[in-house]
Structures are given as structure tokens and as C-alpha cells.
Amino acid sequence: MSDRLKPLIGTAATRPLSREEAEFAFECLFEGEATPAQMGGLLMALRTRGETVDEYAAAASVMRAKCHKVRAPHGAIDIVGTGGDGKGTLNISTATAFVVAGAGVPVAKHGNRNLSSKSGAADALTEMGLNVMIGPEQVEACLLEAGIGFMMAPMHHPAMRHVGPVRAELGTRTIFNILGPLTNPAGVKRQLTGAFSPDLIRPMAEVLSALGSEKAWLVHGGDGTDELAISAASKVAALEGGQIREFELHPEEAGLPVHPFEEIVGGTPAENAQAFRALLDGAPGAYRDAVLLNAAAALVVADRAAHLREGVEIATDSILSGAAKAKVALLARLTNAA
């Protein structure tokens, strides 16, 4: 331990840290050079004042540099949310990932176990028979053979072991709730990323731009979820060519009906997996339409679809043809053979 972080804790409470100061601070955290009290002090100073784009970018760049990296196919996309919306929906981004992969777009999905719901991405995949506790080489093999791979955050970010206990003790949101979607170990350049607050979508788009993303949609559902909503309009910050455009998106613009929010509320991992299997078998309803909407957006971001309605058509075919279901079965086989 050292006292190198101490001076920056007070500074962080009174003014934004420069990119260089923030990088230094997070180097201290990730190298285990700070005491738990110092870590907590810094995280809460940032939270209370409000983190800046430079601070997000600095933390993400240090975290990316220290992760166990994965080589992904060209054009791979990540489909992920911050979590923390407290809505407990069915696993929409997880199902979306398989639908998009079934449409021929490589998906390098970064995720974790449940943080804000009864069933996070890793919980749902485990229930579906996948082994999520695999390392970078096995994930790369999955991406090459199946066109989809799941990167379990703790398997790829060992530096987080220093911070994890402090986060658990604080029991409140910190900058790390935002960093997951910004620190994909495959370094993908395209993202469909959900945020738990509409106030985060533009800053997160700015961070992804600073970190080299080519095209990304940052979204927040009007129902309060960290994905495109099927029950209301959603806010979008679309990054492309270094420019950010903000707009609202309604399900009907994609040719999809509006459904009551209650129809996509999830349950236990087993219950969510049952709904996921029904969706893969073609069961219609709010869950499928929510996945189709998010998959359509991901296909637009990946340049697989020119517009949302075309994306819905491609995503529907991925489900009804059995392609999405086949991706789940193949990934289950590959991960359990690893």
C-alpha cells in the first residue's frame, strides 16, 4: 500500500479530475495500491460530484489495458446494458445476442451475473446449459466456430479483485456500474449499449467515441429499462463517424406493436430460461417483439440492415428458421467441451 492516491481524493470531491489524474487514480485502484477506505473515498467523491466524460474514459482505458483480451472477428458487436435499472425484465439483451448471431453478425458479448435483477446474462446462459466460466482462448474458439462468445467479466478483468469488496461494502452505484459496457475485452468497435438512466446515454457515447468506437447506439427505454423499450418510446444517442445524434425511437417505427411492460417482467433464472426457449421456438408476444426491436437496432449498428424494419425482418427469420436456436445449442456444446 502507498499514499499516492490520497491527494486526489480531496481533489476529486471539489473539481473534475483531468484525464491524466484520473488514469493515475485508477492505476492505483487496479494495482491494489490503495486501502479500502481510500478506494471508497475516491469512488464516493466521484459519485457525489458526478463523473465526467474524461473520468469515465480514463477509468475505461486503464481497465481495458489490464484485461485479458480476446481476438474477435472483424465487425463483431457487443450487446449489453449497464444493469442497475431495477426492473427485473426477461433477458432481452442475452436473447438479442443469439438472434443477431443467427443473422450472421459476430457477437462478442460481455456480461456478468445478476446485479440488479433476479437473472443476469450469465445466470440465464448457465440455466440454458452454457459454461460461462471460460477464458480468453476458449472464447476466441467460440467466436470463430459459432460466431458468438460470452466473456464473463471476472474471468477477463482480474484487476477488479481489488475493487470488488469495496463495491460490495458501499452497496451503491459507482463509476463501475458504467464501466462494464465500456470495457469489452474483445475491443469491439460497434455496440448496442443500454443505460439505466437517460442522462448517461450521451456521456457514454462520448466515451466510446474517445475510445475508438466506429458506430454505437446508447439507449434508455421509456419504461426505465437499460434497453430499447417495447412498451414506450426510447431515447437513443447514436454514434457514427465521430458524430453523436440524439433522437427518440418508438416501437411502431420498426413496424412492431406496443405491449404492456408487465408482459416482459421476468422471474428466476429457470423461469427466464423457459421464456427464452419458447422465444427460440418462435412463440409470439411481447418478449419476442422486444427482442426483435433490439436485434433490429443491433443489425443497423452492424450495417447488416439498412433500417429498423429490415432489421426486424432479418431478426424474425433468424428465430423462425431456427438459426438463433442453433447458435445456443452450438455454444453450449463448445463451452462445455472447453
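Cβ atoms are placed via backbone N, Cα and C, with glycine included.
Database features (Swiss-Prot):
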type	residues	note
BINDING	Gly81, Asn112	anthranilate 1 binding site
BINDING	Gly81, 84-85, Thr89, 91-94, 109-117, Ala121	5-phospho-alpha-D-ribose 1-diphosphate binding site
BINDING	Ser93, Glu227	Mg(2+) 1 binding site
BINDING	Arg167	anthranilate 2 binding site
BINDING	Asp226, Glu227	Mg(2+) 2 binding site
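Residues near His110 (5-phospho-alpha-D-ribose 1-diphosphate binding site) in space but far in sequence (CB under 8 A, at least 6 apart, same chain), listed by position: Asp78, Val80, Met151, Ala153, His156, Gly180, Pro181, Thr183, Asn184, Pro185, Ala186. Within the same chain, the residues at least 6 positions away from Arg167 (anthranilate 2 binding site) whose Cβ sits under 8 Å from its Cβ are Leu43, Thr174, Phe176, listed in sequence order. Ranking the binding-site residues Thr89, Ser93, Asp226, Glu227 by Cα distance from Asn112 (anthranilate 1 binding site) puts Ser93 first. According to its DSSP assignment, Asp226 (Mg(2+) 2 binding site) is coil. The shortest Cα-Cα distance between Asp226 (Mg(2+) 2 binding site) and any of the binding-site residues Gly81, Thr89, Ser93 is the one to Gly81. Gly81 (anthranilate 1 binding site) and Glu227 (Mg(2+) 1 binding site) have their C-alpha atoms 7 Å apart, to the nearest angstrom.
When the binding-site residues Thr89, Ser93, Asn112 are compared by the number of other CB atoms within 10 angstroms of each CB, Asn112 has the fewest. Using a 10 Å Cβ-Cβ cutoff, Gly81 (anthranilate 1 binding site) registers 27 neighbours. Between the CA atoms of Ser93 (5-phospho-alpha-D-ribose 1-diphosphate binding site) and Glu227 (Mg(2+) 1 binding site) there is a gap of 8 Å.
For the recorded site, Ser93 (5-phospho-alpha-D-ribose 1-diphosphate binding site), the DSSP three-state label reads helix.
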